Every structure is written in C-alpha cells, then in structure tokens.
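Database features, via TrEMBL:
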ACT_SITE  B:K234  active site, proton donor
BINDING   B:G11, B:V12, B:G13, B:L14, B:V15, B:G16  NADP(+) binding site
BINDING   B:E219  L-homoserine binding site
DOMAIN    B:11-139  domain 'Aspartate/homoserine dehydrogenase NAD-binding'
DOMAIN    B:162-370  domain 'Homoserine dehydrogenase catalytic'
Protein chains: 2
Amino acid sequence: MSSGIDVAIIGVGLVGSAVIAQLSSVSPLSSLHVIALQNSKKTLLAEPGQRLALGANGEWKESLASSPVDALSLDELVNKLHEIQAQNKRHIAVVDNTSDDGVASFYPLFVQAGFSVATPNKKAFSGSLDLYSHILHSAMQPEVLAKGPLVYQESTVGAGLPIISTLEDLVITGDKVKKIEGVLSGTMSYIFNEFSPPGGSTRKFSDIVTVARANGYTEPNPGDDLSGSDVARKLTILSRLIPELVNALPDGFTSVDTQSLTPAGLRDEKDADTYVKRLPEFDAEFDELRAKAQANNAVLRYVGVIDVENKVIKAGLESYPADHAFATSLGGSDNIISFTTQRYSNRPLLVQGAGAGADVTAMGVVADLVRIAQRRG
Amino acid sequence: MSSGIDVAIIGVGLVGSAVIAQLSSVSPLSSLHVIALQNSKKTLLAEPGQRLALGANGEWKESLASSPVDALSLDELVNKLHEIQAQNKRHIAVVDNTSDDGVASFYPLFVQAGFSVATPNKKAFSGSLDLYSHILHSAMQPEVLAKGPLVYQESTVGAGLPIISTLEDLVITGDKVKKIEGVLSGTMSYIFNEFSPPGGSTRKFSDIVTVARANGYTEPNPGDDLSGSDVARKLTILSRLIPELVNALPDGFTSVDTQSLTPAGLRDEKDADTYVKRLPEFDAEFDELRAKAQANNAVLRYVGVIDVENKVIKAGLESYPADHAFATSLGGSDNIISFTTQRYSNRPLLVQGAGAGADVTAMGVVADLVRIAQRRG
C-alpha cells in the first residue's frame, strides 16, 4: 500500500463504529493510523508521534466517553490536527461519518488545511453548486496540486457498491454517458419490491411502510424517505461527475424534478406517528397505480434517472416490464444502477447489491482511505 | 490527476489501437505521454524529452510502420526505456496488449527495472504460481517499495467491468469472500443465451456456434472457446486475489476443474473448419442437456465458480432456474459476476455488462494507467 496516513474520524455512530472496526481489525490497513475521534460530546486526540489505541473490542468507545476534552469546534480540531501533523509528518485524511450540513460546509477548510476528506455524507456534494465548486477548487486542481488533498465519496451512492468509481472511470477514459437509471434508495427498493413484485401482490402500501419502519429500514419519519430527497441527492452527486451536467443543478438536489410519495393530504403532517397512522387513508391511490402497472404486466419502482442528452434529471415512480432487471433481479433493499454509454450502448453496465447498512457503507469509506493512502501516504 | 507518467505500449492490434485512441483523444489524459510503440515488426521510440506524436486520426500507424527500428527484443526495449527515463525523469508504465506468453514472462524484469505494468493479457496471472509470485515479489511489497512499480490487471476479467477492483476492495477492507460465481466468457455467454433462453429454444448448438464464429464472436477455432480454458484462466486470476486461495492453484489454470464442451469425439480435431463442420454430429448430446434443464424450468449457462470455504474452483455447464439473474438478466455476450461475502451475504453484489470488445477492454487498461499516474506520476 504505502507508508501510511493519519486519519481523523468525525462521527462514531453505526457507520463510524464500523469504519473503526475495519481499520482496527484488518492487518493490511495497519498503516492507516487513527489519530482523532470526535462525536457531538467529546474529542479524543492521539499524542504526537502516537496513534490511538482503539482496542480489538471497541475499547475506543470508553476512551472517547471518558476523554477530558469536550467536543472541539471544527476550527479547533483543524488546529490540533496541524499540531499532530507537525510532529508526525504524515498526510491526514478526515472521515466525516455524520450526515451533518455543518460538517459538510467545513470541507473547503479541511482541504485548504491540506487534509483529504473521505465521507459517506451526501450533504456537501448534493447541496449548492457553490459549496461543491468550493470543495473542487480547493482539492482537485490536478496540475497545480499534484500532491494536494483529495476528496473521495464512494459511499454517498450505493454505499460500498462500485458506482462513483465506475462512473469516474467511464468519464476519464472518454466514454460518453447517455443515461443513468437506478433504484438508489434501499428503503424505496424494499417498499416496492414488496408492494409490486413481478408476480403481483395485494398487500397494502401502508402495511409495508409500517413493517419497514418497525424493522428500522426507514428514517424515524418514513415521510423523509417517501419524499424522494435521498434519491434526488444521489442523482445530484452522480450528475456532477458527468461533464455535460456539471452545472445543471445550481441549487443541488432541490433542483431535481422529484416526485414525493407522501400523499398530498399528508404533506403538512410533521408528527411521524400520526403520519404513519393516517397513511392507510391513501392506500387506494397506491392500489390504483399498482393495478394499472399490473394490467400491463409491469411493476412499480421508485427510480432516479439521468438522461444526459435531454438534460433530464428526475426521481419518481416508474413502471417496468415484469421481465426487466429492475423487476426480476432486485430483492431486499438492493440498489441497482444501470449505465448506458457510448461503449455500453446496446446493453448497459449494471451494478447491484445492498445499498445501505453500516458495514457496506464503512467498506466504501475505508476503500477510499486506502486510495488516499496509496496516493498520499 | 498528477504530473503524469510515460507509457510504453506493446501490441497495437484492436485493443492496443483503442488504448492509443483513448490516450490521444481524451484531454484529462494528456499527462500520460506515450513514448514507445511496438508490434511484432517494428518499434517506434520518442526522442528523449519528447512524446510520440500519435495524431488524432491514427497517424501513429504509418509512423510505426515506417520506423527504421525493427522490433526490439524486450531486453533491448528495457534498455531504451531506461535511456529515455534518464532524460525525462518520469515514471514509466508498460502496457502489454498482446496475449503472448513471452511478453507475460517478462513482467518480472519490467518490474525489476522499475516500470509499472498495466495489461489485459491473462497469461502472467493465470499461469504458474511461480511466475505470479515472481511478479508479486518484484512489485507489491508495500512497505519496502512504497514508491515502486505497480501491476494492474483490471481488464483480464470482464474487460472494463469493475471486477478486479471490487474484489480487491472487499478483501482489503476485511470482508470474507464466500463464493464467486459468474458467466465470465463473452463467447460462452452468447452461445448459451441463444441456445438456452429462459423461454426455451429448439435451435441447434452447432448452428449457434457457426453463427458466432461467422460474426467474429469466437476464436478462429471455436474449440479454443469451448475448451473452457478462458474461464479457467479468469478463475485463476480471481482466486489468487482471495487470501485463502492464493496458493490453491500451483500450476495455474490447468489446475482448475474445467469441463470442456468439445465433444469427446472431437478432442483430437485440430483443423478449425473440420471441427465446425463435424459439430452437428454432436447436437443430440447438447439437445439432451437442454431438454433436461427445460424440464426443470431451468436454463444452461457455462459458469465459473469459486467456493472459498470448500476450496472448489471449477468451470463448467450448470443449470439455473429460469428466474435467476443468470437467466433473465443476461443478453448478447454479457458477462455477469456475483460476489457472495460476509457483508453481501443474503443477496450478492452483482456486476454485469459487456465483457469483451476492444473499447471496453481498453477502458480498463487506461483506467489502470490513470491509477498508476495518480500513485506514481
């Protein structure tokens, strides 16, 4: 791999814990030294010249909780990381495992400080073009900054599935992307794989959402999934990697043509329990959509579509023939993404698999750290 | 990307020409300077301090053909590249676009000379463990050679599809691979997608092979495809990336349990035309296999399987239910590969798409060169 890098981790929830578990248990990763951990309450910093002792059984959790240092501001954290770097003389990568806008808005400052960023947090890349350009301009001017900081974001779309890297490889080798189409939300995938399987179903939409919520497959408020904004964010991230569409969404995901599945009568319902309790009032609407699809031997899927030639970027419910890969091949909360390009023109390049979950999300983040270490370690 | 690398290209047939086309037409790749071209007849070298003028319309072909330098031995080529490097002070990557054993056996010497290698040539990685280990030992001792040469081989399996890189990411982040299963030969894919579609068929095996050969989908002698050795080579390459199986195939692809589809009565037939002419004698055997599968509502696919736990590595004809992804989702000469791992356990990670063709093969090679440039440029 390389002589290694130092890693500062912000956010130690499910994904952050899985990142730490991979870094502390996989021996080829031993040259990636964790030197800082931070959650909303505490910061734990390694002594200069040292790395944090994480322990094989999550002992870092106790060390962090009992740290004498209250959570630093991000400005203070940058200063501390500089102090450590002055001693260690190693490249530093910051891992943001939060879904926080505040941390995301700080990436330009991390990068200006010379630190790389690896993150599953979609916020910085799917918000305003302004922030995005700011990060790009700080990090990715290749000829100027041949040894400068890097920004990696594989897990923002499809978790550990090779989606961002595949799109980047297509583009940099000169392929022309024509269309990207996919089931990009694990929650939406689960709901419609259950509601509209290839063989048809009579289950109620509200029942499926209720079960999904009980199993933790949805956000605490399922309305946050049904809004489609998660898919719109992922489409924004992908579209900005396509040269023709870099500037297509100045305001980010809010500019994506997004169909919300929250019924009109529930748009103002902010209380999650009430939202779920009232959802059966609208089952007939969903039944009707499904009946129409079934009558055409088709299924319903909530998909994201990027049509490059027509500059259409949209998220919404579409129907697919019952023998289409989106109907037959999907199960569970699988993501699937299809790239149609000049080279993959008659038959698309497909990537499919679990698109959510702490371990697979962490895998994408850790693989990004490996690439940073290979290039900057 | 980086300040760039110098590239020496051996083999300028279909894939080599596509590699050159991508390198000469895609502007973000302008820091990858081609400094040498070689085919079986001629060598064309850049002057020190210069790069070769490739031209936007294949002008390099005339330059190579009219080069005063007859094809150098690989020893001589290494010496010339060293002379160029002494002037240019840039990292050199050698691209081997041949399928030649002789060039493959030279990789250890390229690497010892400090040159990286990027190649779609399967020979070096699917032959004896001895050669493979020799390359590994020369190139991939990370701590010793933090800035040493690299060896990339994405296009050896599935052409430009993200297969090798995905397997490497799974492994390096600590996932445990349980099973790899896939349709790995574009030719075998085409033949069985036609012969045994989910809806059944009555077409004759020999007819399909004859059409495939006429369309250039097979080797000049289709027996070379039907032997299964291409699949065995790909399985060898994949298995060596799995820690538990690194040493499982000491003699390489010849150690893989491989089912040849050449009927026993044709094993000794070396003449391609006679081989094809006599194939109809054996249609009844294939009809019988298909009838048995169809009776179970299944299809036939020629697949490669790596079962890590049971240390089984085999290539052969298997039947899959008609609603399996290998039945429904495949078409044309698609490859599909399924990774079942500790993390992707209930539902595998799938990658699918065209697994052969000059442009997509070249894409994998050029993406490898980009990674070498990112790490060594």
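These residue numbers are counts, starting from 1, taken along the chain as shown.
Note that Cβ sites are derived from N, Cα and C of the backbone, with glycine treated the same way.
Curation does not apply to TrEMBL; its annotations are automatic.
Counting every protein chain shown, the Cβ of B:V15 (NADP(+) binding site) has 26 other Cβ atoms within 10 Å. Mean pLDDT for the domain 'Aspartate/homoserine dehydrogenase NAD-binding' (B:11-139) in the predicted structure: 95. Ranking the binding-site residues B:V12, B:L14 by how many other Cβ atoms lie within 10 angstroms of each Cβ puts B:L14 at the bottom. B:V12 (NADP(+) binding site) sits 18 Å from the residue listed as 'L-homoserine binding site', taking the C-alpha atoms as the reference points.
Excluding B:G11, B:V12, B:G13, B:L14, B:V15, B:G16, which define the NADP(+) site, the same chain contributes B:S17, B:A18, B:V19, B:N97, B:T98, B:A358 within 8 Å (Cβ to the Cβ centroid), listed in sequence order. The recorded positions listed here are B:G11, B:G16, B:E219, B:K234; among them, B:K234 has the most other Cβ atoms within 10 Å of its own Cβ. A simple way to gauge crowding: the CB of B:G13 (NADP(+) binding site) has 13 other CB atoms within 10 angstroms, across all the protein chains here.
Taking the Cα atom of each, B:V15 (NADP(+) binding site) and B:E219 (L-homoserine binding site) are about 15 angstrom apart.
Cα to Cα, B:L14 (NADP(+) binding site) and B:E219 (L-homoserine binding site) are separated by 14 Å.
Spacing of B:G11 (NADP(+) binding site) relative to the residue listed as 'active site, proton donor' is 21 Å (Cα to Cα, whole number). A Cα-Cα distance of 20 Å separates B:G16 (NADP(+) binding site) from B:K234 (active site, proton donor).
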